[in-house]
Amino acid sequence: MDIIGFLKSQFICHLLICYIFIVSGLIINFIQLFTLVLWPINKQLFRKINCRLAYCISSQMVMLLEWWSGTDCTLYTDPESYHKYGKESAIVILNHNYEIDFLCGWNFCERFGVLGSSKVLAKKELSYVPIIGWMWYFLEIVFCKRKWEEDRKTVMQSLLNLRDYPEKFWFLIHCEGTRFTEQKHQISMQVAEAKGLPKLKYHLLPRTKGFAVTVQSLRNVVSAVYDSTLNFRNNENPTLLGVLNGKKYHADLYVRRIPLEEVPEDEQECSKWLHKLYQEKDAFQEEYYRTGTYPATPIVPPRRPWTLLNWLFWALLLLYPLFQLLINMVSSGSSLTLASFAFVIIVDKLPDSGPPESIISDHRFTALCQSRNFRARFVMSFCYNGLKVRELICASIWRGESDDVFECFSCL
């Protein structure tokens, strides 16, 4: 392994990346809070400033994909449509098969200069989450409670508020509503059969009401629908953890530009149109699995330097005082500080392994194993009574999911 690849896989590097993201994100959220005074005075200026501030947060995640992991992205599209990307507002329909498909959607936005103003339809609970959720709040992201009877008016009003948005924006939407799994697919196809709808092989049944309202509310504002289908070469299933470890992937993104005039205005007709679109997406997916390519011209949009420059700015701004603090603490000779450093280094160097046989029988450990699909790193203090381990501190890292969990317990 080369030195760069080795560094990318180190736990201490991951800690520093998370530190930069969290601290810079909170600083930006704090600045966004102060921009609220502009809303009653100059709403458009408020929006433009928050587009730039939001870019400072979301571009850090795109930087991990583009520069840290070095993931390549090949775009398959019509050359005539390619020149319109980034120059018009659009609704982007994405398939939802991978853990990082949202990140690839952001990467698509970044390559064409609309990352800061990109919009999504998100759960209401996310608006309370620091950094990303608060950023979205100031970006006027459309939030919903997933109860359509309650959401319809709220969603429509939020979308109508975007009609006078001063920036070109892309509205990213996962019409399937949730990530594809075999279990969800079986349930979805049972619903399709009950409703007399055509079955899909590689997608879930699309939820049409949200899409129809989006089209109705943004008609004459957005120019087109971008039907986007994402796959990864060699049947890879990329994860956020893989990206953080610097693993390189190769994404293939097929994008069809469909003028909004071709999308029916009537809600029922729009629903039929969307179902037909997903049948076509299924056919494109079938062809990709068979041939490894899409029926369009492959183009590689150039990386822009701004994601890297933004991250370097925050790294220099935040790491210098951190290192100064650490140097002062170490030079002071504090035993607690030295022990903390030793603990982090030991945890980082411990191999990924399963638990000792002697504690597998413990019911609390068994419950933890059953409740989380994890690989664990253990730091153990053994106090034997026969073969029984008396104390165990377990830092469990949930692999393959977007959230990490840390749990500690004692086996008495």
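Each Cβ is built from the backbone N, Cα and C atoms, and glycine gets one as well.
Database features (TrEMBL):
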DOMAIN    90-212  domain 'Phospholipid/glycerol acyltransferase'
TRANSMEM  12-39  transmembrane segment
TRANSMEM  126-144  transmembrane segment
TRANSMEM  306-323  transmembrane segment
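Mean per-residue pLDDT, taken over the domain 'Phospholipid/glycerol acyltransferase' (90-212), amounts to 92. Per DSSP, the domain 'Phospholipid/glycerol acyltransferase' (90-212) is made up of 59 helix, 17 strand, 47 coil. Taking pairs at least six residues apart, the transmembrane segment (126-144) and the transmembrane segment (12-39) share three or more Cβ pairs below 8 Å and count as touching.
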